[in-house]
């Protein structure tokens, strides 16, 4: 039965791994340590399961990665480990050299994944028409997670990576919003439209984490844009409800958690005399945190049900 579980475990579960790790980090930041430990543990268990699948059923994983959208979201794997290592180092104060080594290895692997994606889906398939979609944010803007966590490993490197992520974010956002390219998604891919909420919020949170001198203009523009994109993604929820659960629902986790985290960072950034604005943001923050937490729990629960169904169907066959 365990082998069936591994065989049926989709690559899309990496999005859920990242979502639970990020929510765990968020809860530690809010001093809700029980929630932090719980979701960190869930993320680590899922990561171990997926790593085991990669070792035993590597061909199946490679077959899934041949799909452009699945391949584009694969860096969520390294982003998960980077986030988990940061939690152990920063939140739990486990200052072991092995964590530094793992962090740098995952950073290197993430850039390898980007190069692989470009080679396999651009260079190798040069005659295929390229249409950027929301899944591409994970590949090219997901490196913002490196910047978010670099404060404990290499601040200068984190700033450089943030600049690259910000440029990629602007270019992709303009192209995707103008072309509404998410309309090309089929029903099993549509949940990935929620990724639209992540890039600006991720860059904003990384900016407030890694820099010491802030630009008010950058903060104002990015917080407004990130909140607008969050609201836009809520528009797709009724459509997703009609579709029913599919593995790509994991895309609902990280973007919404990141949006709530970025708003929290802005609240911490605001001067104490901005009382009305701060209180307004706090109300929105509570709502977004509830939505993000419910989304993660919902996806976790439905993933467990979906995997159970897959195992039972396989046994009957």
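Backbone N, Cα and C atoms are what each Cβ position is placed from, and that goes for glycine too.
As recorded in TrEMBL:
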| type | residues | note |
| --- | --- | --- |
| TRANSMEM | 7-28 | transmembrane segment |
| TRANSMEM | 34-58 | transmembrane segment |
| TRANSMEM | 70-89 | transmembrane segment |
| TRANSMEM | 95-122 | transmembrane segment |
| TRANSMEM | 134-151 | transmembrane segment |
| TRANSMEM | 157-177 | transmembrane segment |
| TRANSMEM | 189-208 | transmembrane segment |
| TRANSMEM | 214-237 | transmembrane segment |
| TRANSMEM | 249-267 | transmembrane segment |
| TRANSMEM | 279-301 | transmembrane segment |
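With respect to Cβ pairs under 8 Å, the transmembrane segment (249-267) is most closely packed against 279-301, considering the stretches 34-58, 70-89, 279-301. Within its own chain, the transmembrane segment (134-151) is flanked in space by residues 68-70, 72-76, 79, 82-83, 85-86, 90, 103, 107, 110-111, 113-114, 117, 157-159, 161-162, 164-165, 168-169, 172, 176, 181-182, 189, 192-196, 198-199, 202-203, 205-207, 209-210, which lie at least six positions past its ends and keep a Cβ under 8 Å from the stretch. Contact between the transmembrane segment (279-301) and the transmembrane segment (7-28) is present: at least three CB pairs lie under 8 Å, with pairs separated by 6 or more positions in sequence. Contact between the transmembrane segment (95-122) and the transmembrane segment (189-208) is not supported, since fewer than 3 Cβ pairs fall under 8 Å when only residues 6 or more apart in sequence are counted. Using the rule of three or more Cβ pairs under 8 Å, pairs at least 6 apart in sequence, the transmembrane segment (70-89) is not in contact with the transmembrane segment (214-237).
Listed as Cβ neighbours of the transmembrane segment (34-58) (distance under 8 Å, sequence separation of 6 or more from its ends, same chain) are residues 3, 5-7, 9, 13-14, 16-18, 20-21, 23-28, 77, 80-81, 83-84, 87, 91, 296, 300.
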